Amino acid sequence: MLQTLFLTMLTLALVKSQYTEETITYTQCTDGYEWDPIRQQCKDIDECDIVPDACKGGMKCVNHYGGYLCLPKTAQIIVNNEHPQQETPAAEASSGATTGTVAARSMATSGVVPGGGFMASATAVAGPEVQTGRNNFVIRRNPADPQRIPSNPSHRIQCAAGYEQSEHNVCQDIDECTSGTHNCRTDQVCINLRGSFTCQCLPGYQKRGEQCVDIDECTVPPYCHQRCVNTPGSFYCQCSPGFQLAANNYTCVDINECDASNQCAQQCYNILGSFICQCNQGYELSSDRLNCEDIDECRTSSYLCQYQCVNEPGKFSCMCPQGYEVVRSRTCQDINECETTNECREDEMCWNYHGGFRCYPRNPCQDHYVLTSENRCVCPVSNTMCRELPQSIVYKYMSIRSDRSVPSDIFQIQATMIYANTINTFRIKSGNENGEFYLRQTSPVSAMLVLVKSLSGPREYIVDLEMLTVSSIGTFRTSSVLRLTIIVGPFSF
């Protein structure tokens with residue numbers, strides 16, 4: 001009886017103990033994780049950082065939750081945040097990793113907190129949580145928290161800081177960023193983490209203490225090709241005058257001002273970062289270095305033209321006075337009107353001089369004289385009126401330029417007939433009242449008229465040059481006159 005009562009009470013005690021609430025705290029983690037006493041949760045171990053030469057054969061080490069991967073250095077890693085089907089809380093732990101596969105470690109029956117991570121050998125290329133392509137590796141992150149409830153769902157659990165119990169009695173992460181329980185500043189961005197959160201600065205800012213300060217990108221060259229302008233949270237590039245930003249907003253390229261907005265009045269030449277203007281012949285750049293001004297060549301020199309310089313836009317021209325024409329662009333040459341057009345009558349002859357022409361009678365003979373040949377008049381011996389007159393008068397004409405240099409030989413007189421036993425003498429009979437001329441005998445039968453004073457025209461001089469012929473025995477005496485008309489032109493050319 002007593003034995004039966006004891007067994008009954010023991011059974012009730014055991015049944016009652018099954019419904020007693022317990023508080024279970026886990027401080028052990030699965031392989032690949034370690035306990036964080038501050039955050040009160042398991043955190044991943046970075047094997048790539050602590051394991052010397054974790055990967056061999058030129059492979060690179062890639063840390064992963066609960067383990068690491070050895071992948072080719074050229075591999076591209078793509079993180080896939082897709083949530084796979086979560087394991088049941090009572091899953092049994094598998095054995096260690098094998099070469100060529102990835103071994104997943106799950107919760108053990110002893111109550112050790114699983115990490116959901118994995119480890120891979122140097123030749124690992126596939127596994128339950130890794131998908132690979134030819135050179136791409138897609139890693140599936142296990143979103144399950146590194147804590148799970150015991151296999152008995154009737155037990156209460158105590159979650160670490162940053163976690164809360166879900167309706168399924170699972171410790172799930174608290175998203176402080178969406179719940180508004182974070183303490184990030186208004187100029188910061190809240191980033192949720194497993195069991196916690198972090199505050200990050202906006203792009204272009206960096207943390208200094210608890211504050212976000214602007215990053216001066218311009219102090220870290222070479223962001224910009226030429227000029228860098230820092231702005232709050234960013235920067236932009238500027239180019240020097242004559243350059244413009246390229247499509248990459250970094251490089252400065254030269255602006256061809258001659259093609260874009262040609263400001264030159266005449267000729268434009270592009271140079272690196274600028275341009276220069278040039279003018280056509282006959283023009284010069286004005287003070288603004290853009291426009292062209294005409295050069296007044298006539299003011300720069302008085303020797304450009306023989307007579308008169310006329311300035312024109314971009315050039316100049318030379319003019320000559322009436323009776324002259326321009327030759328070789330600058331000099332003046334007399335027009336021989338007697339060979340072209342003149343107004344002389346039929347009984348007149350045309351005589352051209354420098355700058356004009358004159359008409360003289362074809363028969364210039366005076367009274368008592370008879371025209372015997374062209375321009376030669378003879379007074380007959382039979383005429384008693386001729387005894388006191390020169391036997392003959394020859395008419396000659398010449399033209400000289402104004403302001404001719406002196407002394408200068410200008411005309412030679414010579415006897416046309418030579419008599420035996422005679423002596424010839426020469427003199428200026430008339431037309432030299434001011435002493436402009438001098439007659440120098442050069443031989444017994446010739447003399448030279450010399451200009452000794454400069455003459456200015458236009459002017460006409462008529463000079464009678466007389467030759468006296470005397471017989472050496474005194475039986476013969478005669479004279480003849482050369483009437484020379486000298487026309488002085490109006491100019492020195």
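Using the three backbone atoms N, Cα and C, a Cβ is placed for every residue, glycine included.
Just so it is clear, the model here is predicted, and its values are computed rather than measured.
According to Swiss-Prot, the cysteine that forms a disulfide bond with C199, out of C177, C184, C218, is C184. Between C258 and the candidates C239, C268, C277, Swiss-Prot records the disulphide bond with C268. Recorded disulfide link (Swiss-Prot): C332 to C320, out of the candidates C318, C320, C344. In Swiss-Prot, C279 is paired through a disulphide bond with C292, chosen from C264, C292. When you check Swiss-Prot, the disulphide partner of C338 from the set C344, C350 turns out to be C350. When the C-alpha distances from C292 (disulfide bond) to the disulfide-bonded residues C177, C298, C318 are tabulated, the minimum falls on C298. For the domain 'EGF-like 5' (294-333), the number of residues in each DSSP class (helix H, G, I; strand E, B; coil) is 4 helix, 18 strand, 18 coil.
Reported as a whole number, the C-alpha separation between C239 (disulfide bond) and C309 (disulfide bond) equals 51 Å. Using CA atoms as reference points, the disulfide-bonded residues C177, C201, C228, C258 were checked against C252 (disulfide bond), and the closest is C228. If you count neighbouring Cβ atoms within 10 Å for each of the disulfide-bonded residues C228, C338, the highest count belongs to C228. The subset of disulfide-bonded residues (C190, C228, C258, C279) lying with their Cα within 10 Å of the Cα of C201 (disulfide bond) consists of C190, given in sequence order. According to DSSP, the secondary structure content of the domain 'EGF-like 2' (173-213) in residues is 4 helix, 20 strand, 17 coil.
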